[in-house]
Amino acid sequence: MRSTMEHAQEHEACPEQTQKYCVERPIYNQELLQGQLHRRERTPQTLRQKIAHSCRCSSKKAKSHLYSFLPILKWLPRYPVKEYLLGDIISGISTGVMQLPQGLAYALLAAVPPVFGLYSSFYPVFLYTFFGTSKHISIGTFAVISMMVGGVAVRQVPDEIISVGYNSTNITDSLEYYHARDTKRVQVAVTLAFLSGIIQLCLGLLRFGFVAIYLTEPLVRGFTTAAAVHVFTSQLKYLLGIKTNRYSGPLSVVYSIAAVLSKITTTNIAALIVGLTCIVLLLIGKEINLRFKKKLPVPIPMEIIVVIIGTGVSAGMNLNESYRVDVVGNIPQGLRAPAVPEIQLIPAIFVDAIAIAIVGFSMAVSMSKIFALKHGYTIDGNQELIALGICNSVGSFFQSFSITCSMSRSLVQESTGGKTQIAGALSSVMVLLVIVAIGYLFEPLPQTVLAAIVMVNLKGMFKQFGDVMHFWRTSRIELAIWLVAFVASLLLGLDYGLLTAVAFAMITVIYRTQSPQYRILGQIPDTDIYCDVEEYEEVKEYPGIKIFQANASLYFANSESYTSALKKKTGVDPCAVLAARRKAQKRHAREIKAANELRKKAVLKLVNSSTNDVEASVKHEIATDELPVNGKFASADASVQDKSPDEHEHFVEPKPNIHSLILDFTPVNFVDSVGAKTLKSIIKEYKEVGVCVCIASCSGPVMNELTRLKFFDNTVTRELLFHSIHDAVLACQVKDRSASQTNFDL
C-alpha cells in the first residue's frame, strides 16, 4: 500500500487548497481480505470459569466495589473545604428553603397529611448523600411522582369505603373519618415507596440502568405535561376552598373538573383571595429571579416568604374559624418510630410501583446527565438506581412516600453554587430542624397557599406545550409520541397512560425499521464516494451497475419490503424477466412448429404431382406461396410481418439492462434467519437472469451472524462480499470486461 498527503507547510501556504490522499491497493473482497489478516487467538472460557472469575475477590476488587456502592468514601476525603464549603452552605440553605414548602405542598398531591411530605424531604435526601453519584440534583418530593402516588392511594382507599360505619349526617365534619382515611392512604403510599424502591434496587444490582432509554424525551415531556394538567386540576378545589372527592384512574381529570364546576357556587372567597395573591407574588418573584439571575447572589426564596406571610395572616386573622379556610392542621413534633410497610398491599400496587420506579429513575438520571455534562464529571446509571432504591425502600420504614429528582430545586442548587452532595445534606438538615423544633408553627398555614405553590411550579411543565410546534418542524414521529403520551396519560391516568406511551414508542421503532428509506447510489466523479443519485446532480451511475442501499437492518419485519423496493428501484424483476423468457420461448416454439407443418404440406404436394402440366402449376404455386425464402416459408414470414412491434419482442430473449447489483450493507446492524434466507434468494434469482449480486461494507458482527446462520455455501461464497462499495464496483467492472472479451473471442 502506498499513501501520500500534502505537506503541512504547503497547506499553511495555501489554506484554500484541499487536502488529498492517494491509495494504491488490491481490490478486496472478504475472501482475499481475511486471507491476509491474522485473527487474535482467544481462549474461550467455560461457564464455570466465568463464574469463578466473577466470584474471585481481591483487595483491589473489594475496594472498587465498596467505592462504587458508597461513592461518598471516594469524594469526601478529597473534599476541598476552602473552595467548596461556602458554596455548598449557601446552596444547601437555598434548596432547603424551597424543600420545606414543596414538601408540604406535594404531600397534598400524594393524598397524605403535609407532615409526611416533610419526612419525604428529609430521609431520602440525607441517604442520597451517601449513595448518589450526581453532585447537583436535589432529591425529594416531585409533583409528577406525588401525583402518581396520590392516584394509587385514592384508588385503593376511596372516600366511599372509609365513610362506611360513620354517621352520614356529620361525616364531613368527623375527625375520626379523616384520621381513618389518611391513615390507610399513608399505608398505601408508604408500601408503594417500599416496593418501588425494591424494584429500583434490584434493577440497579442487575445492571439494568439502560431501561431509562425506553422513556424517550418526547415521551417523558408529553407524559409530564399531562401530569401537570392532572396536578393543576387536583389543586383547583384547594385554591377555591371547596370540598370534592378526589378521583383516580381513567377520565379522572374530567371527573375532577366536573366536580369542581358542580360546586363552584360554594367557593370560599377568602381562600380564593389568599390563593390568587400568593400566585401573583410567586410569579413576580420567579420573574425577578429570572431577569436578574446574574446580579442576584442567590434567588429570592419567594416560596418560603409566601409560606411565612400566609401562616402569619392566617394565624392573625384566624382564617380557619372566622372564614372556614382549610389549613394544614396538626404537624406532630419530632420523628416517628420506624414501622414495617403493609406487605399485603403489594399485589394490588405492583404495576403502579413499576411505573413509579421507572419514571422516578428516568427523571433523576436525565437531570444528572445534564449537570454531569455541564460540569465535566460522569454518573453511574446503575448506581443511581441503587441510590434511589435505597432512598425509597429505607425511607418507607420512616413513613416517607416515593421521591425522585426535582427539576426546580436542582436548578436552584446548581445555580447558587452547590458543588457536591453536601448541599443536599444541608437542605435535609434544615427540614429536620422544622420537623423537630418549629413544625407546629406552620399548622395555621392555609392549604390554598400550598395549592398556589404547586400551581406556579407547574409553569415550566406547561411551557412544554411549545414542543408541539418544535416536533412538527423537526420530526412528525416524535410529535406522534408526544401527543400519544399526553392524550393517553391525560385520559387514561398516569399509570395506564405511561404504559400506552411506551408501547406506542416501541411501535414507532418497528414502523421505522419496517419502512426504511431505499436509495440508488452513484459515484461522485473521480472519487470513491457514493451518494444518492436523486439528491445530487453531480452523482453518476456506472453503466450496467446498480448500487442499492436501505437505511435499516434486514430481518423478518422488513425482508419482504426490502425485496420489493430492490426490484422497483433497480427496474429489474427476476421473476418477470424469467416469465417473459418462458413466454418468448413458447411463442418461438409455436412458430417453428407452424413452419414445419407448412414444409410437410409442400413436400406432400410435390410427391403427389404426376404430370408435367400439373407439376408446372404446382411449382408455380409453391414458388409463390409455400417454398421457403431465406430459410422461412413465405406464409410464416407474412404472418410474422403482420404482427405488432410488441409481439416482435417475444422473439428476442428478454435481458436485464444491468449486469451487476451491489447491496450496500453499511447501515445494516443485524440480520436474522429470515433476512439471510431473503438475501440468499435475491442472489439466486438475479443470478438466473445474468445479474451478479455483491454485498459491500458488511460489518464484522453481521458477517459473524451470516456465518452462524450458514449463509455461505458453494453457490454463495465470501468472494461476493467486498470491503467497500468502490471495491465492489471495480470488481464488477473487471468481471464485465472479462466477460465481454470472452464473448468477442468466441
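Any Cβ shown, glycine's included, is placed from N, Cα and C.
Taken from TrEMBL as is:
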type	residues	note
TRANSMEM	104-131	transmembrane segment
TRANSMEM	137-154	transmembrane segment
TRANSMEM	188-215	transmembrane segment
TRANSMEM	253-284	transmembrane segment
TRANSMEM	296-317	transmembrane segment
TRANSMEM	345-365	transmembrane segment
TRANSMEM	422-442	transmembrane segment
TRANSMEM	479-511	transmembrane segment
DOMAIN	535-732	domain 'STAS'
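By number of Cβ pairs under 8 Å, the transmembrane segment (188-215) is matched best by 137-154 from the list 104-131, 137-154, 296-317, 479-511.
The transmembrane segment (422-442) makes no contact with the transmembrane segment (253-284): fewer than 3 of their CB pairs lie within 8 A, with pairs spaced 6 or more apart in sequence.
Packing against the transmembrane segment (345-365) from elsewhere in the chain are residues 134, 137, 139, 142, 144-145, 148-149, 151-152, 156, 187-188, 191-192, 195-197, 199-200, 203, 209, 211-212, 215, 220, 223, 379, 381, 384-385, 388-389, 392, 402-405, 407, 494-495, 498-499: each is 6 or more residues past its ends and has a CB under 8 Å from a CB in it.
Below 8 A, the CB atoms of the transmembrane segment (137-154) and the transmembrane segment (296-317) form no more than two pairs separated by six or more positions in the chain, fewer than 3 in all.
For the domain 'STAS' (535-732), the model's average pLDDT works out to 77. Sequence-distant contacts of the transmembrane segment (296-317) (same chain, at least 6 residues past either end, Cβ-Cβ under 8 Å): 90, 94, 97-98, 100-102, 104, 274, 278, 281-282, 284-286, 288-289, 323, 325, 327, 412, 415-416, 441-442, 444-446, 449, 452-453.
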